[in-house]
């Protein structure tokens, strides 16, 4: 069965044809480890995990590389401001190396909780400084670089199709239109390959180079490491849509300038998680971590399930009520799995084919979930066949259906039905009915709390009754 994926580079859905079948080289942009990953970041890693699982499901042998940015990512993506890790080190009064190590391990723990398969190769930027220097030297020899007072820059005007990934027009980008204006730059889109350490500041992370003491630019890191481990071109490069206009655009420019061949054949990007009216992000000051969800009683796999309810190329709005619904759905799935006998059985071919078609249509996980529930509700299928088929699906879903965690449903289903009924009344501005339902919920021993992200429900205590 053919697999089709949406390629950001060509702006269309394409049949997936790897360069060297059955092998697939896949590079994903990892975290900048100066803080905990928020659940918006984690949505992207869940999408990439689904992509990897779908590739494996289709019989491909995947070599997956993910970087860890532990130096060089400044507070502005456009080479301005302070290094995020150095800034956090000052704030927490620890070394930059300690900060990077601490948040790297925290990130890996989050991936494990979400059932995200580890990459075959983790590559830390600080372990590859010479690789970055070597790539910059190639670009320098080919005439793509120039020097300013603060670093070595890439001249984007020498790349005729610069901006092709994002569909940007170089000539129409006025100075300062997208990035902070730097009068020493030849073009507003030019970016740093190597930044010099400020003369009056002693950085914790800095290295000697042919151009002077400093540190690598953010974009050069992914170009050098992806080429080192996957060659060029490789099959798939992915990340979040925020990477398209600057980071991935600059990766393509420098990689293709250096090696005179395409960087990657397919480019895939996951959409934002929305909270309120904005995308979730540390810069927006509106982010939630996986630990925050756990503290509120949500299983990490409930968040994974929640992410599967929307297509990876569609924005997903986060509300507590939507997460509650996802957790209840997942827990019902677990309860069903526990009822099915653990007998040897073959999966149902009709359902498997429908599921396979859905995931091969650009990772259509909402449809795949709908097929999953059709299967659960199908009274004609033997329970052991249902179990075998769900386990087959779980190779992609990654919800631990073979070993469901012990769960305790604290809020009964009938209470949630009342909550949903009240939400509908509020939407229709039937305030009298909404108040009546609130009282009924209270009489049954639960308190409802309205928040900007949706209703929160909890068991009443003697103090809250």
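Glycine is no exception: its Cβ is also placed from the backbone N, Cα and C atoms.
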Could you tell me which of the ranges 31-41, 42-52, 53-63 is annotated in Swiss-Prot as motif ''HIGH' region'? 31-41
Cβ within 8 angstroms of the Cβ centroid of 29, 222, 247, 251: which residues besides those meet this for the Zn(2+) site? 218, 219, 221, 223, 237, 239, 243, 248, 250
Please list, in sequence order, the residues in the chain of residue 29 (Zn(2+) binding site) that are at least six apart in sequence and whose C-beta is under 8 Å away from its C-beta. 66, 67, 222, 238, 239, 240, 243, 247, 248
What does the DSSP secondary structure composition of the motif ''HIGH' region' (31-41) look like, as residue counts for helix, strand and coil? 3 helix, 2 strand, 6 coil
State the three-class DSSP label for residue 29 (Zn(2+) binding site), counting H, G and I as helix, E and B as strand, and everything else as coil. coil
Highest Cβ count within 10 Å among the binding-site residues 247, 251: which residue is it? 251
